[in-house]
Amino acid sequence: MTKNILHLDLDTFFVSVERKLDSRLQGKPILVGGLSDRGVVAACSYETRGYGIHSGMPMKMAKELCPNAIRIKGNAGTYSKHSDEVTEIIKEYVPLFEKSSIDEFYADLSGMDRFFGSYKYASELRQRIIKETGLPISFGLSVNKVVSKVATGEAKPNNQLKIDYGLEKTFLAPLSIKKIPMVGDKTYQTLRNLGLRKVGTVQEMPMDVMQRVLGKNGTVIWKRANGIDHTPVIPFWERKSISNERTFDKDTIDVIKLRGLLIAMTENLAYQLRRGEKLTACIAVKIRYSDFNTYSKQMRIPYTSADHILIPKILELFKTLYNRRLLVRLIGIRFSHLVSGNYQINLFEDTEEALNLYQAMDHIRNRYGDKSVVRASAMGKNTIGRMHNPFNGQPPIVLAHRKQ
Amino acid sequence: MKFIVSSTYLLKQLQVLGGVINNSNTLPILDNFLFDLKQNKLTVSASDLETTMSSVLNVDSDNEGVIAVPARLLLETLKTFPEQPLTFVVEDNNTVEISSNHGKYALAYADGAEFPKAVELANPSSTTILGDILATAINKTIFAAGNDDLRPVMSGVFFQFSPENLTFVATDAHKLVKYQREDVSASQVAEFIMPKKPLNLLKGILAGSESDVVIEYNDSNAKFSFDDTELICRLIDGKYPNYEAVIPKENPNMLTISRNQFLSSVRRVSIFSNKTTHQIRLKIAGAELNISAEDIDYSNRAEERLTCAYQGDDMQIGFNSRFLTEMLNNLTSDEVSLEMSLPNRAGILTPSDGLDEGEHVTMLVMPVMLNS
């Protein structure tokens, strides 16, 4: 049976939200992202695109390209609130949908044609979202996720596109290979070096040639170029790891500051674990030096979610990892191998007082926010990313250019 | 050197001793049994350097000599023989020839002098205990010992002897078992930590045994002698954690329930728990015990209600179901009681019946921290 997969994408989502909140921003060039010298552009309005600005670009460079653009720091909380509003409307319309990121949705409309017509239904949904939230949204409708996504990209801004059954290859053929999801700068260069520019050329190539050039990914890219994709619409997004990292405005060599930051991050992530009733069995520390060399080290540990076990282990990893006398640009931690469960109390190492203290602290955090109580050594490190419950089945809020 | 011995008698003894031998040895000589013949007495030893076990066998001979015979080869051969006398003759060309009713087999042997000597215990203290009691004590405790190489003291069983009683303790920091006998005692106070391997061997040999075991020990080694067998092993070095301090004294909440019913419910419910954490939740209110588990990843969920006798406040406590099943399985009583104080303090499981006079079993299980 052929499927009808709908891909919805909110146009320049962060910018649209800012415009909704402040109508003076309508029609003006806007950049959303980190404002410091190290910040990057998370979203940019269509007005700025003419200057050659794209998301993921350093803010400093964007500023030079378009000095009169309005720059906004942005607020992840506001964005996810607006994203949730859209989710609510979609949820009402479609039972089977996947929220693949903060501003993108896939919905499975298979079988709708018999009653109503998928395209008509999708158009209504789009109009309703625009009417109720005031946010521009585009969609693509096709037989699978890949073609729908590419169609949305072609429909933008604020429009819709339907690829009729059987015309997927014809639709893809004249497009640049860059439009295939998964083809980034590197792969694009490799393919260009082979003399490939249009998707149509890839379609005519034998699959094994692509495989020889790009390995496993080659097969996937070839299939995508031919409009073949069988990935299902998955309604629930399961967290495999949680992490936190920070790039400094100014590279630092202050070890006490670094350690304090690591403690703050660990404390925060451990709280997220406990709140989500999860345990971790693998912890990692990442360092990027000022010369952009990045090192990371990980360690298996018994399943835990307790601060007093995780913090010393993280610091121990940091101690072995930080061995170059260089300025540090970025530091981060990651907990993976997550399973659901609660901390198993140790007979000899855990005292009742400590356990009660943890419970009381978590209680305060649940009520007044995750930064309301912190260790003294982690105090003042309020610049670590604020994280919303990472285990609610929703995708993490990531910058557009970091999306996979 | 020549001796005659019954094949099944020899096999039986060697199979017991074979338990000492490791699968892979750094010292090749340890892959052998040491045969030490003195007229009618053949002493067979096996060792892994930590533990050495030897048995005295009665054989028909008037020779003397010491050789090391490859263990695996000999055991495999002996297993195939029906009961019959076997003649062992040491030939000049470094082989030992075994003659059976069926034919002849030659094995290369190593020089017995290469075999590491078992340590002699200097100034040992000693205690005598009935074999079956020792086997029971090991059986009741050993499952609770840990496997963590980083904390070697917890990988063994703690023997605590005093003129009043003998106490055996094992823990892995999440569960703890204390087995105490007041009907047997030692002449003086002594404490040592026995590694698991020799205890498992002793447990197998001594189950149901009516003979006395003499335990001699000093700071570094212990020796167990019974019947014609001796086992000498090195003790685990280190200080055992102060387990008495972690046993909660005041436990106002007490649950009494049929062991079998509790065990089978926990088992059933735990099938639906998370496959890694095995976490289950006990909710006790009035005379009802509610056991539940869920595996969010697969949307599996189970819940059972049992009637029980309960005195105390309503409470909710989470456990690793593996610990509970291991403990309940190890007990033999009809009824058990679970004493608790708070959801973040240990639960104490004790059998309500079926114990000998002077026998005490206390099992501790640490809960998991449930989000309130």
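Cβ atoms are placed via backbone N, Cα and C, with glycine included.
What TrEMBL records for A:E104 is active site. Look at TrEMBL and you will find A:D9, A:D103 tagged as Mg(2+) binding site. Residues or ranges marked as domain 'UmuC' by TrEMBL: A:5-184. The site 'Substrate discrimination' feature in TrEMBL is assigned to A:F14.
Taking Cβ-Cβ distances under 8 Å and a sequence separation of 6 or more, the neighbours of A:F14 (site 'Substrate discrimination') in its chain are A:V32, A:A42, A:A43, A:G74, A:Y79. In this structure, A:E104 is the one among the recorded positions A:D103, A:E104 with the smallest number of other Cβ atoms inside 10 Å of its Cβ. You'll find the Cα of the residue listed as 'active site' roughly 5 Å from the Cα of A:D9 (Mg(2+) binding site). Residues belonging to the domain 'UmuC' (A:5-184) score a mean pLDDT of 87 in the model. Spatially close to A:D9 (Mg(2+) binding site) yet at least six residues away along the chain are A:D103, A:E104, A:F105, A:I137, A:S138, A:F139, A:K149, A:T152, A:G153, A:K156, judged by Cβ distances under 8 angstroms. Annotation note: A:D103 (Mg(2+) binding site) sits in a coil segment as assigned by DSSP. In the three-state DSSP reading, A:D9 (Mg(2+) binding site) counts as strand.
When secondary structure is read from DSSP and collapsed to three states, A:F14 (site 'Substrate discrimination') falls in the helix class.
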